[in-house]
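What TrEMBL records for this protein:
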type	residues	note
DOMAIN	B:42-155	domain 'PurM-like N-terminal'
BINDING	B:Asp44, B:Ser59, B:Asp89	Mg(2+) 4 binding site
BINDING	B:Asp61, B:Asp89	Mg(2+) 2 binding site
BINDING	B:His68, B:Asp288, B:Phe345	substrate binding site
BINDING	B:Gly138, B:Asp139, B:Arg163, B:Ser230	ATP binding site
DOMAIN	B:168-325	domain 'PurM-like C-terminal'
BINDING	B:Asp231	Mg(2+) 5 binding site
Number of protein chains: 2
Amino acid sequence: MGEFDLIARYFKRNTAPAQAAPAPAASLSIAKDTPGVALGIGDDCALLTPAPGQQLAISTDMLVEGRHFFADVDPAALGHKALAVNLSDLAAMGAQPLAFTLALALPPARAGDDAWMSGFARGLFALADEHRCALVGGDTTAGPLNISITVLGQVPAGQALRRDGARAGDDIWVSGTLGDARLALLALQGQLALPPDQLATLRQRLEQPTPRLALGTALRGAATSAIDLSDGLAGDLRHILNASGVGAVLDAKALRTAGATAATATGLAHARSADAGQDLQHTLTGGDDYELLFTAAPAQREAVRAAGAASATPVTRIGRIEPAQGAWLQDAQGGRQPLSDFRSFDHFA
Amino acid sequence: MGEFDLIARYFKRNTAPAQAAPAPAASLSIAKDTPGVALGIGDDCALLTPAPGQQLAISTDMLVEGRHFFADVDPAALGHKALAVNLSDLAAMGAQPLAFTLALALPPARAGDDAWMSGFARGLFALADEHRCALVGGDTTAGPLNISITVLGQVPAGQALRRDGARAGDDIWVSGTLGDARLALLALQGQLALPPDQLATLRQRLEQPTPRLALGTALRGAATSAIDLSDGLAGDLRHILNASGVGAVLDAKALRTAGATAATATGLAHARSADAGQDLQHTLTGGDDYELLFTAAPAQREAVRAAGAASATPVTRIGRIEPAQGAWLQDAQGGRQPLSDFRSFDHFA
């Protein structure tokens, strides 16, 4: 199968003659019918017509086999995750998805594996359709498996949730639960034993994360800054602190709550509570959570809780922004430990 | 060196404290000062503020080591080419560059090779600055060397040069010269002997192609369709014909002119003329030319020549669009050979 056949078969939907390019599923939307997309796949460039008063938000993430995912990962989960990690960046800006491009390097054996290719496309498009985000272009080539997605979204001008808006006195919040993906990774690597049903739940968190798009847009006007948690809380918080020129104190007890909410709900309390210190380590440094870390003035607490409720996303207040630079973990007795004791993930470390 | 240090050192320019992130060159522009760029590198997303009445043109190209370039290629040339092939897609739409994102998978040995990284960034930014195209975001990760760039440009709404606008009776034109990159590739592979100075000239065409941006914007309103030549004339012409539902006849003599202009100018006449049949093969199927192939009504001949002159880009009329589908090469005696006899490059063929 040639390069153009690959694109037509798996990635170009309904815009080519049906006999030449069967759509993966009949119900899938046509890219050119998506609001703002004037021209989709099949030309030198796609064309978007931005809505008046909106800014465009753009982000790029690249996933490499053996680095970001296992070679035997379910291809539908991989398709989902490749787009999810990009959508998560839009969520962290409070932006609404519009479109994405996909660059895909494939070993020839993968390109010729119809079950794998179909599964990947199915997972990718299921998430894309859920968020009305159209695939408008891309590139396929032979090479070691590599998935690079660039996503475009829109946000009303001036309302984006940036990293540089945190102010002393702001509360620090986090969505969902932290450390689930790390626990799943450890279990898959054989470093942790988990009952099969618990592993299945955590594995879904690792392999099919949920981009918090509804929460992100609901937080516009309430949050002062936001970032998505991809490398781990301790490291990602530092990006907000550096950009905003402030410091932070995290509350160890509240963090345990953020790390335990899902655990309790899904019967994972045992796995979680076996080692409280280890647990906190996962909460602070486990990557791949794709939850939102954000700040808001104390006057906005009800607005933040309302945004969480409106988007059906748990939100937990875990600390406070301080004027002096530095980041600390504080226990119930007021003792402080530097957050730099906890290391986040770094691809070249 | 960690992931964030890599970005700060080589790809984030002037926007971070100087001591933490020395800019590769003092004269380089700041991304956030580029028109339309509201927020550059360093947040979850970049933010662009589109100008009123403009559409956004988006394209993505991925380059893989060993597939698109040799492992020992000059890193500055590689940085140039990785962006050039994307800018060439903007040129083919008649769009003006705005911004780009860079996703880069690097083997740790490359990431730690300062000369290589600096050279790559230098070549990349030299071309980016020439066209006022700001690096606004991206991703770096460890992995087999892979460069994925997404470029964004703008074009007045409705004026983009698409592939589906060719009409029967239109002239077919091509810019620059064709087949240079193929000759260089053959020479580098040892399949062709060339004098060193001629190889150097052709090698520059292969490794540092010139995106025809000025010609592309000058052709707005004159050309009816356009595409950039990345896979070879014979195959890329087919994309225009399929999208427009028309056919074409190419003039063999005019094609030889398009294939020989630079050859004559640079003293390559000998290498070119040694085998006329082989020469035509290179002209029709040599990839990596990054010239523009476009169509225009005969009434626009003077306008097309003026666009070529204004952009200092040679343009040659090489054929004619016909109502009946099919693509032919016609010799001086009127004999026709199907263009499908000439195969273009396909990454999975």
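Each residue, glycine too, has its Cβ placed from N, Cα and C.
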For this session: For B:Asp231 (Mg(2+) 5 binding site), identify the closest of the binding-site residues B:Asp44, B:Asp61, B:Asp139, judging by Cα separation.
Result: B:Asp61
Problem set entry | Cβ neighbours within the same chain of B:Arg163 (ATP binding site) - under 8 Å, at least six residues apart | B:Ser225, B:Ala226, B:Ile227, B:His239, B:Ile240, B:Ala243, B:Ser244
Exercise. Can you count the other CB atoms that lie within 10 A of the CB of B:Asp139 (ATP binding site)?
Worked result: 24
Exercise. Of all the binding-site residues given, namely B:Asp61, B:Asp89, B:Asp288, which is spatially nearest to B:Gly138 (ATP binding site) at the Cα level?
Worked result: B:Asp61
Exercise. Mean pLDDT for the domain 'PurM-like C-terminal' (B:168-325), as a whole number?
Worked result: 86
For this session: Go through the binding-site residues B:Asp139, B:Ser230, B:Asp288 for me and flag any whose C-beta is under 8 angstroms from a C-beta on chain A.
Result: B:Asp139
For this session: Could you check which of these binding-site residues, B:Asp44, B:His68, B:Asp89, B:Asp139, B:Ser230, B:Asp288, sit within 10 Å of B:Asp61 (Mg(2+) 2 binding site), going Cα to Cα?
Result: B:Asp89
Exercise. Max Cα distance spanning B:Gly138, B:Asp139, B:Arg163, B:Ser230 (ATP binders), Å?
Worked result: 31
Exercise. When the number of other CB atoms within 10 A of each residue's CB is tallied over all shown chains, which of the binding-site residues B:Ser59, B:Ser230 has the maximum?
Worked result: B:Ser59
Exercise. Per DSSP, B:His68 (substrate binding site) is which: helix, strand or coil?
Worked result: coil
For this session: Given the binding-site residues B:His68, B:Asp139, B:Ser230, B:Asp288, state which is nearest to B:Asp89 (Mg(2+) 4 binding site) when distance is taken between Cα atoms.
Result: B:Ser230
Exercise. Among the binding-site residues listed here (B:Asp44, B:Ser59, B:His68, B:Asp288), which has the Cα closest to the Cα of B:Asp139 (ATP binding site)?
Worked result: B:Asp44
For this session: If we count other C-beta atoms within 10 Å, could you say which of the binding-site residues B:Asp44, B:Asp61, B:Asp89, B:Asp288 has the fewest?
Result: B:Asp288
Exercise. Between the binding-site residues B:His68, B:Ser230, B:Asp288, which lies closest to B:Ser59 (Mg(2+) 4 binding site), Cα to Cα?
Worked result: B:Ser230
